[in-house]
Amino acid sequence: MTHSGQPAPLEARKCQSLIGRVRVPGDKSISHRALILGALAVGETRIAGLLEGEDVLNTAKAMQALGAKVERRIDDKSGIVWSVRGVGTSGFATPEAPLDFGNSGTGCRLVMGAVAGCPIVATFDGDGSLRSRPMRRILDPLELMGARVTGESDGGRLPLTLAGARDPLPIVYRTPVASAQIKSAVLLAGLSAPGITTVIESEASRDHTELMLKHFGAQIVSVSDGTHGRKISLTGQPELHGAAVTVPADPSSAAFPIVAALITEGSDIVLTDVMTNPLRTGLFATLREMGASIEESETRLDAGEPMAQLRVRASKLRGVEVPAARAPSMIDEYLVLAVAAAFAEGTTVMRGLHELRVKESDRLEAAAAMLRVNGVAVEIAGDDLIVEGRGRVPGGGLVTTHMDHRIAMSALAMGCASDAPVKVDDTAFIATSFPDFVPMMRRLGADFA
């Protein structure tokens, strides 16, 4: 069900082609971090291109509740700009009411880290989907740093109350899985701790927090272990300074029109300002291995983040094997990759997808169900997803989204090229990350009704 309690069903029908030039919304990961670090900095942070989806807006509300001044302005030159006047490291105030993050696990977990280093008490809550997701992996290192947790249900589930440490301790912490959220929570708490806080990863996760901490003036060093892992060390108690941030277009959001264009005959689309951070572009690498025509141009850097213009043309795809080591760089894109695999010729095997089971829904089971109901042969073997591509998808199925925005968008992308229409039971949760998805796809030529 949706936030309002009313489902918003939609049907995607086969279209002639997708043609046009668009900019997908600002990156959700960068948007969350820009708001949080702006709130922890001294002075004003100006953010252009912020994703104005429900998840990010809930983080903005949380920053206001914790004492920062957050305003949305219209600038004659830059358009919409968000201004954040921060309270400084450790400067958060105890909020008057629980912090409600809606459906956003990223916002909730990152703010837990920021609160853990402040001598305040805050209650964290969310919607039914977020309440079902485990938080214990975030809470364990924060408790080692001196934070205290009360009121949690099984597995550290929301709602819960977090009392930040009055004298936070620097720690050396080895993450149990490749998780940018765990790493970021520890680093944000480490801002308030004296000395060096260190996070060790056996598999490198997305590095947006490290890049943005540098942009705001923190002393942080990231060193490769010579294989796939990294060691990140942060010097605590810096004075962060407000900064200008331009949020690049979200590659996770770009994934849906990209795959839709690849599988829809005659398509030729251009996506501008897409983030091309190598720790976020596993999907692009995989699609190219499958034979996708994805061309980069007009590359540039902003706040340490690379971005480029992408031209995507319809392509004949082939099945491939996707190694488990690639998962951290495309963890949010496996659902739509499964759609591409269904239209490919041959078998695609996606390995090591255990983390998909603790997302907004059990995305591993959801991906299989989405394909099966539309006539695609698919199998789950342990944590692997195996898709038998036949070059076409019969379609005709009704996809249950389980309040998951990415299931809804993946199914609608599939319907752009399936033989029969694909129906989606509820699209309202798309607003959490991509409010303009349906009208933007219609502008490109999608037939949604």
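Each residue, glycine too, has its Cβ placed from N, Cα and C.
What Swiss-Prot says about this protein:
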- D332: active site, proton acceptor (ACT_SITE)
- K28, G105, R133, Q181, R363, R406: phosphoenolpyruvate binding site (BINDING)
- K28, S29, R33, S179, Q181, D332, K359: 3-phosphoshikimate binding site (BINDING)
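Annotated pair K28 (phosphoenolpyruvate binding site) and D332 (active site, proton acceptor), C-alpha to C-alpha distance, rounded: 12 Å. The number of other Cβ atoms within 10 Å of the Cβ belonging to R363 (phosphoenolpyruvate binding site), over all protein chains shown, comes to 26. Around K359 (3-phosphoshikimate binding site), the same-chain residues six or more apart in sequence whose CB sits under 8 Å from its CB are G105, R133, D332, D404, listed in sequence order. Each residue contributes its Cα atom, and for S179 (3-phosphoshikimate binding site) and R406 (phosphoenolpyruvate binding site) these two points are 19 Å apart. Look at R133 (phosphoenolpyruvate binding site): DSSP puts it in coil. Largest Cα-to-Cα span within the phosphoenolpyruvate-binding set K28, G105, R133, Q181, R363, R406: 19 Å. Per Cα geometry, Q181 is the residue among the binding-site residues Q181, R363, R406 nearest to S29 (3-phosphoshikimate binding site).
Other Cβ atoms within 10 Å of the Cβ of S29 (3-phosphoshikimate binding site) number 28 in total over all chains.
For R406 (phosphoenolpyruvate binding site), other Cβ atoms within 10 Å of its Cβ number 28. You'll find the Cα of R33 (3-phosphoshikimate binding site) roughly 11 Å from the Cα of Q181 (phosphoenolpyruvate binding site). Each of the binding-site residues K28, R133 was scored by the other Cβ atoms within 10 Å of its Cβ; the lowest score goes to R133.
Mapped onto three states, the DSSP output places R406 (phosphoenolpyruvate binding site) in helix. All protein chains considered, the CB of the residue listed as 'active site, proton acceptor' has 21 other CB atoms within 10 Å. For Q181 (phosphoenolpyruvate binding site), applying a Cβ distance below 8 Å and a minimum sequence separation of six or more within one chain yields G105, T106, R109, L110, I138.
Local packing around the Cβ, expressed as the count of other Cβ atoms within 10 angstroms, is greatest for R33 among the binding-site residues R33, G105, S179.
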